[in-house]
Structures are given as C-alpha cells and as structure tokens.
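Here is the structure we will look at, set down as structure tokens.
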Amino acid sequence: MEDYIKIEKIGEGTYGVVYKGRHRVTGQIVAMKKIRLESEEEGVPSTAIREISLLKELRHPNIVSLQDVLMQDSRLYLIFEFLSMDLKKYLDSIPPGQFMDSSLVKSYLHQILQGIVFCHSRRVLHRDLKPQNLLIDDKGTIKLADFGLARAFGIPIRVYTHEVVTLWYRSPEVLLGSARYSTPVDIWSIGTIFAELATKKPLFHGDSEIDQLFRIFRALGTPNNEVWPEVESLQDYKNTFPKWKPGSLASHVKNLDENGLDLLSKMLVYDPAKRISGKMALKHPYFDDLDNQIKKM
C-alpha cells in the first residue's frame, strides 16, 4: 500500500469504501476499493484472491481495468483505473424534460455490449450490472466496473452501510431462485439499463424481491412453462402468482424507435435460452446507423 496515497473518499461500493488515490511514483490517479469481507477475522479467502487475480487479465477498452491487488492488515484493496463519473450520476444530471441524445444512447449500449461480449467470451459473468457500475469519461467512452467481483465475494443482501443492494436490474431467473444461471443474466440487466438510458427512469423499480418480480410480470406477463420451459419448477416460483397478460414495452419506454424496441424486447425475453446473446445483439439493425468511428473502437 505504500505505493499509493489516498486523496479522498469518493463513494461506498457494494463491498466497502472507495477512495480516489495517487501512485506515489508515477502520479497516476486510481480508484482504490477497500473490500470488507463478512468474516474479518479469517482474512481474505484464497478462492477470492485467485478469482481476483484472473480479473487482471481482462483488458478491453470498455472494461475498467484492475491494475493491482494489495493486502494491508488482512484488508484487500483493489486498485482500478479512475473515472470520475458513473452513469447514474450522469442520468441524474440531465435536466427535467430533457433526455440523453439518441445517438449517445446507441453508442453507450454498443460499448456496454462490447464489454460484456469480451467478458462472456472469457467465461466471466458480471451478475450485478447497474448504472452505478457503468463509468463514463468525457470522451464518450463507457466502461463496465466491478466485473467478476460477485463470483469472488458473493453479492451481499445489504451493503455494509445497510443500504439494500438494488434488485432493479436483476434477471427473473435469479429472482426466482434458479441455481443454474449463465451469461443471459447480464443481458437482462443491460436490457433494463438500455430502457433507462432512453427514459432516465428505472424500468422495473421494485422494493423487494416479490415487488420486483410482479413489476416485471405486469409489464411482460406472468411467465409459465409455455413461454419459459421449467420456470414453474424454479425454487421461488409460486402457482399463486397473479396471472398478468403481456403488455406492450412501447408504453413503458417512450423514447426508442422501432429497432430499439425490437432489440430491447429480445434482451428481455423470459427464457434465458431464447434471450439474445451479446454477440447477436451487436449485429441487430438498431446499430446499423451507428457512427462507424464508434464501431472501430
């Protein structure tokens, strides 16, 4: 740790305090995440350290790079590249009645998908994507942060500050207690974020797991084995769920054109096996008119 100087606290992450820091020798500005683990006395599990070490290999223009992993007093510090703004703060800063430019929505979604495809191709899931861990710079680049941390440390129910970890971006298979899930969980999250890029409002903002599920069901219909084979045998599926009929996504997401709504609907398919992959999403006609400059990035 002697290589880094803490400058100021910049936030509370899922796992602990995040500081802005500077490397003593190079002067490089970094984000320092202090990981607080449930079982402080046992120190950091070796499995977590192994997982985290693998993440240093994830190098991509749309992934926040993990530069260093340090231990101090049995505390783990993760040193990341520093970006000053996250997507939630940016969305909150757009004045009432105004929206993000549609070409920027498209560019951000394209970059998010490129980042996710890169990680998925290396068998790394995110599992906890949300606007707070999408970081942006002033050049129009967006990067995914906190990749792979869920697998290394688990996702706590509450942040150590007792703030509840958001459920708004969580896929229905996770909410219904599926033991086996894979890359489609991230695509669902990106779909909900896509809608929020367009409208500035979370698409499904539940305040409990059941409220979250019911908000999804009201919009997309209550799933059954017909639309999603085996869903009725998932751990938390109840036959007593109200049977809502599918509504129209267009009524919830006003600022997307036909192609945008089509892509969104493919990302929000109930059956994870039929949900569009990141790779296929990048080929969707919605991106046909994306500035070529961005595609080359």
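Positions of Cβ are set from backbone N, Cα and C atoms, glycine also.
It should be emphasised that the depicted structure is a prediction, and the values quoted were computed from it without experimental measurement.
Summarising the annotation, Swiss-Prot assigns N-acetylmethionine to Met1 and lists a large-scale study or a structure entry as the type of evidence. A C-beta separation below 8 Å, combined with a sequence spacing of at least six in one chain, links Met1 (N-acetylmethionine) to Leu70, Gln72, Tyr77.
The local packing around Tyr4 (phosphotyrosine), expressed as other Cβ atoms within 10 Å of its Cβ over all shown chains, amounts to 19. Here Swiss-Prot flags Tyr4 (among others) as phosphotyrosine.
Per Swiss-Prot, the feature domain 'Protein kinase' maps to 4-287.
DSSP assigns Lys6 (SUMO2 cross-link) to a strand in the three-state reduction. The SUMO2 cross-link annotation in Swiss-Prot covers Lys6 (among others) and rests on similarity to another entry.
Around Lys6 (SUMO2 cross-link), the C-beta neighbours below 8 angstroms that are at least 6 residues distant in the chain are Tyr19, Lys20, Gly21, Met32. For Lys6 (among others), the entry in Swiss-Prot reads N6-acetyllysine.
Sequence annotations record features per position, and here Swiss-Prot assigns SUMO2 cross-link to Lys9 (among others) based on similarity to another entry. Cβ contacts within 10 Å of Lys9 (SUMO2 cross-link), excluding its own Cβ and spanning all protein chains shown: 12.
Feature annotation from Swiss-Prot assigns N6-acetyllysine to Lys9 (among others).
DSSP assigns Tyr15 (phosphotyrosine) to coil, not to a helix or a strand. There are 23 other Cβ atoms within 10 Å of the Cβ belonging to Tyr15 (phosphotyrosine). Under the heading ATP binding site, Swiss-Prot lists Ile10, Gly11, Glu12, Gly13, Thr14, Tyr15, Gly16, Val17, Val18, Lys33.
Cβ-based neighbour count (10 Å, all protein chains) for Thr14 (ATP binding site) stands at 23. Residues or ranges marked as phosphothreonine in Swiss-Prot (evidence: a large-scale study or a structure entry): Thr14 (among others).
The phosphotyrosine annotation in Swiss-Prot covers Tyr15 (among others) and rests on a large-scale study or a structure entry.
Residues or ranges marked as phosphotyrosine in Swiss-Prot (evidence: experimental evidence): Tyr15 (among others).
A simple way to gauge crowding: the CB of Tyr19 (phosphotyrosine) has 19 other CB atoms within 10 angstroms, across all the protein chains here. Residues or ranges marked as phosphotyrosine by Swiss-Prot: Tyr19 (among others).
The SUMO2 cross-link annotation in Swiss-Prot covers Lys20 (among others).
The feature phosphoserine is assigned by Swiss-Prot to Ser39 (among others).
Tyr77 (phosphotyrosine) carries a strand DSSP state (E or B). The phosphotyrosine annotation in Swiss-Prot covers Tyr77 (among others).
Annotation source Swiss-Prot lists active site, proton acceptor at Asp128, citing sequence analysis. When Cβ atoms from all protein chains are considered, those within 10 Å of Asp128 (active site, proton acceptor) total 20, not counting its own.
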Protein Cβ atoms within 10 Å of Thr141 (phosphothreonine), excluding its own: 16
Using a 10 Å cut-off, grab the number of neighbouring Cβ atoms around the Cβ of Glu12 (ATP binding site), all chains included. 13
From the recorded positions Gly16, Val18, Asp128, pick the residue whose C-alpha lies nearest to the C-alpha of Lys9 (SUMO2 cross-link). Val18
Going by Cα-Cα distance, pick out whichever of the recorded positions Thr14, Tyr15, Val18, Thr141 is nearest to Asp128 (active site, proton acceptor). Thr14
Could you work out which of the recorded sites (Lys20, Lys139) has its C-beta surrounded by the smallest number of other C-beta atoms within 10 A? Lys139
Going by C-alpha positions, which of the binding-site residues (Ile10, Glu12, Thr14, Gly16, Val18) is nearest Lys139 (SUMO2 cross-link)? Ile10
